[in-house]
Amino acid sequence: MWAARRMASAMSASSAALTFELVAKCSTTRARASIMTLPHGPVNLPMFMPVATQASLKGLTPEQLEDTECKLCLNNTYHLGLKPGQEVLDAVGGAHKLQGWDHNILTDSGGFQMVSLLKLANVTEEGVRFLSPHDGTPMLLTPEHSISLQNSIGSDIMMQLDDVLVTTSPDKARMREAMERSIRWLDRCIAAHKNPDRQNLFCIIQGGLDLDMRRECCRGMVARDTPGIAIGGLSGGEAKDDFCRVVGTCTQLLPELKPRYVMGIGYPEDLVVSVALGADMFDCVWPTRTARFGNAVTKFGMLNLRRDVYAADFGPIEEGCGCPCCRPADQEGSMGITRAFVHHNAAKETVAAHLLTMHNVWYQLHLMSGAREAIIADRFPAFVKEFFGRLYPDGQSYPSWAVDALRGVGIDLIQT
Amino acid sequence: MTNESCDKPAVMAFEVLKAAIIDGSAARLGRLALAGRRSIETPNYFAATSRGVVPHMTPDNVNKHLQAGGAYMALEDFIEQPQQVVGTVRSPPIYNAPTTELRPRKLHSFTAMPPSVLTVLGARRIPAVPAPMGNSNSSVSVFTSNGFQNLTTKDYHAAIEALRPDIAVPLADLALGAITPTSKRALRMAERTDEWLKAYFTDLNTDSVLRPHGIATFAPVLPIAYSIQWEYLERLSEDLVPANQISGLAVYDPDVVPDMLNGYTNLTPLARLSLATPSTPQQILRQVSLGLDIFVLPFINAVSDSGIAMTFTFPPPPGEPPLREDGTRTLPLGIDLSTPAYKTSLAPFSPSCTCYTCTKHHAAYVHHLLSAREMLGWTLLQTHNHAVMTSFFTSLRATLAEGQASFNDAIRRFTRVYDTEFPAGTGERPRARGYQFKTEHGAKKMNTKPWKKWDDEKIAAVRKAGIAAKLEKKLAKEAQLANGLEGNGVETPLVPEDDADELDHRGFAKIVSLDDTKDK
């Protein structure tokens, strides 16, 4: 069966503010290509969403972010709640207006930052309790607070407040409590959501690394029929095998005609494997953060351009890349950036960070659009092999977790 | 290289379009024409770069959003020796930069400067960091990103030949620092600069190197009394100008210009580039009146860094300025976007401005970005402030074209209507790097420390709640992390700056009673 299994137009589903159209499915793996239409326009899936934490993608203008062909980026509710704050967001008319971004925005719930970064937080049934780091005053952040803020932000996709635990937590009882509480909180979020006609609320599957708990959570969440579904609590230091098992287990249980979002994933290998396992959307600060440390993400692996070997390297950041930094000088919009120039200014002028941010975001977006094209042409397994072959040119040292996970969906990396 | 013609008399043509000295004003209109580039109407300005970039502006943004016709670059920004290579001297990478048809000059190709922007190469940044040891007879002290080093005249000339700037400024012996040089020192400055200029033309033959490479020479005019450097200026006028060896003058002190022009009319047709770092539009206007044509303006970058959007126009708006809160009747030169007044302002910085920032964004966004210390804030300010300078010079030329009388009248009104300084800017600055400045003993920190110790009372209150140890450890760790990661790699700050009341008021979370906290 080598012919592409193109989907009939009947393969689509709509809710008030989201239409999901399944365009193609890989005939070998569980990978899918789709179009998700949101209030600010259509988005091709699978896709990587760059993270504009504080309503700005680390030095890039919205115009430059548009130049990378990005149609959906993230803002963080926690950060926008602190700055500029809800009052300003209401007065300005939401985050799109604030940052001059006419495309889609997804916001997280703020719970992750609260719990993982303000480690003093305690989670109770009411919400997340924490001490104001400013003056020690006890405070409470509830699902209702989070939804109210996300309504003010006006994001096209909002995330429910969930009870996040590190997946590696050994406390089964606590893990179950968190999973069940997340379902109860979803109900509170749905009840508090004021704009279901123009903002989508996604649920988040919890349950740590316990597959049965994940399955139970899937059933509970799916029953609530949100327009999209996220798999949460991952990328917290668990083994990659465990990560793949959880993603693979959940995607099998999720309805076909809803977008599936794996939260906090950004390494290229993780993206490609997760797509093979049937996931559609990803986000991570890593590509933009690592850019600020002078690192370029390329199809041949990571390059730290601060290293002295790049001081007189006049090649593009990545040979063959089409981003405005790398594309050949005779092409429209080419900047003619060399590794030597990035090295010259890395950690010295912010421009070097901006250039690498632009390149890395382009890389991530185009990795996913390449995967999408391969799915549509039904040559995704070959795409996966090419991708891993470039990263591990010896054809041997593939990470075993990737080999195993891909074997589970019908791709054998070792066999040529 | 095919577009560089050898039969032109000078590498760069400067044409004076309109000049008349009346009312003590020597302001003039001119046009700077370089083979292969769009011509530049003067008076005009060039952007000041740092390490080959207009700060905060990627080359695509420079190309799309900046109208500056030229950029000043300092050789000292490119010639640091890597620290790990001890004992060996590595040729700075820029000398090996490949050139392309689009960017046939190494300075251009290395820095990815858009081809439409011409480059000026000087030895030192403007303003330069004073060196602890002075210059010698054959070298100047320059400040690279990893320390001071000597730049010999030979090396500098070799750099010019290799890098091919559009305009080169030969070495000048300058006494940097606050103290005015003694007349003995000043005399030596003139003698050395004269010697170095001779060496410049020996090392860089006009016919075989400068002209075919398309490098125009702007000879330095020193910031010392005319009476001390007249012999040097005379040689410029009598030997170099008739031989078409220099295309312009790089002026470090505009007040020397009137005497110089009285003495040597030969120098009059040369373009005059101001390296005297005016810091306000009023100072620019004064220098224009003294006869300066082109200005390198590092103050634009500094004003952007301080969170200020320029709002002045030339000529100033008609009518009396409105009365301000402090009882004065002047207009500010710019607005401080860090002040809370702009929190929700959806207005552009100035209603008439057509720059990217003013047409696509609003004050509230830039206020937010500055307060969140997001790098884009400074990018948007740079875009706007450079656009304001462009339109300042455009209208300045238009006014000058109407005649000296209306130009002088506009200057008088400008001086009366506007404040004499930019607002200080209450926001935090981007992090300054070692190569930009040297701290002086006892100097105040530019930015306040982000991490402070809590006062005892608050600590005691928290301790009562029985969680102090955990909290302190946590905060100490965060502080450590934040300090270690300062700069480009800094993690987005997570600890709220606002107190609980403010967070509650904003709907971020709500205050609950202390006893409740113990339950869980």
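Just so it is clear, glycine is given a Cβ too, placed from its N, Cα and C backbone atoms.
All TrEMBL annotations are machine predictions without curation.
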Site-mate of A:C321, A:C323, A:C326 for Zn(2+) in TrEMBL, selected among A:H354, A:H359, A:H366: A:H359
Of the candidates A:D67, A:D162, A:D270, the one that TrEMBL places in the substrate site of A:D108, A:S109, A:G110, A:G111, A:F112, A:Q206, A:G233: A:D162
C-alpha spacing of A:D162 (substrate binding site) relative to A:D108 (active site, proton acceptor), in angstrom: 10
Nearest-integer angstrom distance between the alpha carbons (Cα) of A:C323 (Zn(2+) binding site) and A:G110 (substrate binding site): 32
Proximal but sequence-remote residues of the same chain as A:Q206 (substrate binding site) (Cβ under 8 Å, at least 6 apart): A:D162, A:D163, A:V164, A:L165, A:A178, A:M179, A:S182, A:R214, A:C217, A:G232, A:G233
Shortest C-alpha distance to A:G111 (substrate binding site) - which of the recorded positions A:D283, A:C321, A:C326, A:H359: A:D283
Cα distance (Å, whole number) from A:C321 (Zn(2+) binding site) to A:G110 (substrate binding site): 35
Chain-internal residues near A:C326 (Zn(2+) binding site), provided their CB is under 8 angstroms and they sit 6+ positions away: A:P316, A:I317, A:E318, A:E319, A:G320, A:I337, A:H359
Binding-site residues (A:C321, A:C323), the one with most neighbouring Cβ atoms at 10 Å: A:C323
Cα-proximity to A:C321 (Zn(2+) binding site), 10 Å cut-off, over recorded positions A:S109, A:F112, A:D283: none
Cβ contacts of A:D283 (active site, nucleophile) (under 8 Å, same chain, 6 or more positions away): A:F48, A:M49, A:P50, A:V51, A:L74, A:L106, A:Y261, A:M263, A:G264, A:I265, A:G266
The region 'RNA binding' (A:288-292): DSSP-derived helix, strand, coil residue counts: 5 helix, 0 strand, 0 coil
